[in-house]
Amino acid sequence: MSPIIASEHLSNIALGYVDSVDSEYAKRLAKKWQFNYLGHVAAASKQPKLEFMLQMHHHALELCKLDEPKLGAIKVDFVEGAVAHRRKFGGGRGQDIAKAVGLKHGFKPHVLDATAGLGRDAFVLASLGCKLTLLERMPVVAALLDDGIERAKLNHEVADIANNMQLIHGSSLEEVDLAIEPDVVYLDPMYPHREKSAAVKKEMRIFQSLVGEDLDADDLLEPALALAKYRVVVKRPSYAPPLANKKPSMSINMKKNRFDVYVKQAIPKPIT
């Protein structure tokens, strides 16, 4: 099959499959997200301009950096691994992120995660009962996240959580349908981290080479404040300045990060 013509900014990436059982699904994904369709991943060796490859492998979508194969592949997995461990043993409503968004007895906010990425924090909030709308502007990241959510819906342990997560592929907060009416807008813009775990270092390296620096992060705060009903929560490294240098209403400090909380109005107390 000849490759599907993709938009110019995606010319350095293609989508293929490892096992033929995934070939039809890989074709559908390439068409849905407008990626070049590669066919079998072995064909990448004949296309020297390719820098990245999305591959269907064991029924999951993965991202690889072709010139650094030792980095391995990135995929979204809400069923096993670190995300599953955090869901089971992460501390429930006592977690700092739950406090930051105002989650409490009788109030489970609708959270718009406007920098969804791989969806880890969104999944934590969804597992605590929040309704999540996820906004991701990069098609590669959105495709990975969408695949992870859809696979999670097929797993009986996390299907209810995944069904609480709605993904929007869009370029900006200004484009978000006002009918969504989030209680809280959550922001976690990319920021150069000093200390990284091996996994985070791998992901940051691949994503920064793929999407570049997050130069417009400061521009997120004002539209987020306009959209949120009660508050905006910004996750920052502990050493980073506040987003747009705007002092938050309060901060929740952790070991390496903090949550800056910008309160618009008090969350109403539940009626008892």
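Glycine too: its Cβ is placed from the backbone N, Cα and C atoms.
Taken from Swiss-Prot, the feature S-adenosyl-L-methionine binding site applies to R120, D121, E136, R137, S171, S172, D188. Long-range C-beta contacts of S171 (S-adenosyl-L-methionine binding site), restricted to its own chain and to partners at least six residues apart, with a cutoff below 8 Å, comprise R137. Taken residue by residue with DSSP, S171 (S-adenosyl-L-methionine binding site) is part of neither helix nor strand, so it is coil.
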Hey, which of the binding-site residues D121, E136, D188 is the loneliest by Cβ count within 10 Å?
D188
Who sits close to R120 (S-adenosyl-L-methionine binding site): which same-chain residues at least 6 apart have their Cβ under 8 Å from its Cβ?
A82, V83, R86
Translate the DSSP assignment of D188 (S-adenosyl-L-methionine binding site) into the three-state scheme.
coil
For S172 (S-adenosyl-L-methionine binding site), nearby residues of its own chain (Cβ under 8 Å, 6 or more apart in sequence):
R137, P223
